Amino acid sequence: MGPKKGKKGSPRHRTGPPPPGPSSLFIFAEDNFIRRLTKFIIEWPPFEYAVLLTIIANCVVLALEEHLPHGDKTVLAQKLELTESYFLCIFTIEAALKIVALGLVLHTDSYLRNIWNMMDFFVVFTGLVTLLPLPLDVDLRTLRSIRVLRPLKLVSGVPSLQVVLKSIIKAMAPLLQIGLLVLFAIVIFAIIGLEFYSGALHKSCYSLEDAFEIVEEGDMPTPCYDDDDTMNVELPAGVHLCNHNESACIEQWEGPNFG
């Protein structure tokens, strides 16, 4: 008897070698030595641990940075800034190895088909852009601030953390309704507070000699209440009244904490 036929008369079990897998970057075939070597490296446990330790070290460096006004930097910050190129070089090598081993984006299970790898590639790409000789008028602070996403590379390297983060993201949608309810309650109480205290903290004691000089009885101006507000009303403790011989309670102050 001959081999069993399928619906269209073709053999049910094909013989011969399996079809070759897709090439990486249109250069490296599935059985290419370089591609097989890169696959071995990215799946090698010591390589994975080395990348995780690099991510942790980068997190420590980012935490130790001190941002001073006018672009000033401490001695420690200058030394830590020198490590940026080393970290970026390591992350670039990691991304390049994975792209060669898995392919870039065109076939299934390629590098950019994974959302975590997309984030890693974005962080590495923006880091490389900051090293380009750009004009002086180009502000790179926004691109450099993307470095804060590097700790998320730790999630891409630990599958258990990915499970936890995915669970948190899925739980955000049900919690959104509760968040809206809490926000609605906060808005209601904020409106009530504005109705009760509208304009109450914009009065202060101004000198009778100079209508623009506030008479301070401490380190900073204090809100006051005039006679119209306090007449025939029992004042609570802590209410400040102006000395009528020296000052008057006038509503032209911007308020505590600069309004």
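Glycine too: its Cβ is placed from the backbone N, Cα and C atoms.
Copied over from TrEMBL:
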| type | residues | note |
| --- | --- | --- |
| COMPBIAS | 1-15 | compositional bias 'Basic residues' |
| DOMAIN | 45-222 | domain 'Ion transport' |
| REGION | 1-23 | region 'Disordered' |
| TRANSMEM | 47-64 | transmembrane segment |
| TRANSMEM | 85-106 | transmembrane segment |
| TRANSMEM | 118-136 | transmembrane segment |
| TRANSMEM | 175-197 | transmembrane segment |
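Within the same chain, residues 41, 76, 80, 83, 87, 90-91, 94, 147-148, 150-151, 153-154, 157-158 sit at least 6 positions outside the transmembrane segment (47-64) and bring their C-beta atoms closer than 8 Å to a C-beta of that stretch. Mean pLDDT for the domain 'Ion transport' (45-222) in the predicted structure: 84.
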